[in-house]
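The annotation active site is assigned in Swiss-Prot to ASP128. For LEU75, CYS76, HIS77, MET113, GLU114, the entry in Swiss-Prot reads substrate binding site, with the evidence type sequence analysis.
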Amino acid sequence: MSGLTHFDESGRAHMVDVSEKPVTARVAVARGAVKMSAETLALVTEGRAEKGDVLGVARLAGIMGAKRTADLIPLCHPLPITKVALELTADPALPGVVVEATVKTGGQTGVEMEALTAVSVACLTIYDMVKAVEKGMEITGIRLLLKEGGKSGRFEASA
């Protein structure tokens, strides 16, 4: 299974040994969105959702999700995360909320999964907090936008 680092020579899943890799500065940025009706978006942006501050709670949930990534994704290394920041932006053209997460560490492996988990958990939290008024919302477009640091260098997603 050449190229797939989470499998050994026999094809069995294993956690990659990063003990010999140098500690370097690493950053990852991910993005996703929750599409909803304009009416539901107004509830969110005007602070009228029954469960409270949707965007504030989703931001905290995303931060918590990034910190718990190694508990959720079986082969992820627990990392000393040094920064998690989430931007949640209402987009009337979508309509919906765009979520972008930036995660940083000084470590031996990257924080791509932490950034993707932060976005996913924030989007799920938005859905949870307003599902009572709209069950047909769509979580969409979750992807890695940027990865820097480590042996493989810089990755930037195409537009």
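Yeah, the Cβs are placed from backbone N, Cα and C, and that goes for glycine too.
Note that the structure is a prediction, hence the values are computed from the model and not measured.
For the substrate site, the Cβ centre of LEU75, CYS76, HIS77, MET113, GLU114 serves as reference, and the other residues of the chain with Cβ at most 8 Å from it are THR69, ALA70, ILE73, PRO78, LEU79, THR109. Of all the binding-site residues given, namely LEU75, CYS76, MET113, the one with the smallest number of surrounding CB atoms inside 10 A is LEU75. Here ASP128 (active site) is positioned 22 angstrom away from MET113 (substrate binding site), judged by their C-alpha atoms. Taking each Cβ in turn and tallying the other Cβ atoms within 10 Å, the top scorer among the recorded positions GLU114, ASP128 is GLU114. The Cβ of HIS77 (substrate binding site) lies under 8 Å from the Cβ of MET15, VAL16, VAL18, ALA70, GLY107, GLN108, THR109, each of which sits 6+ residues away along the same chain.
For the pair LEU75 (substrate binding site) and the residue listed as 'active site', the Cα-Cα distance reads 27 Å.
Among the residues the record lists as binding substrate, namely LEU75, CYS76, HIS77, MET113, GLU114, the two farthest apart have Cα atoms separated by 12 Å.
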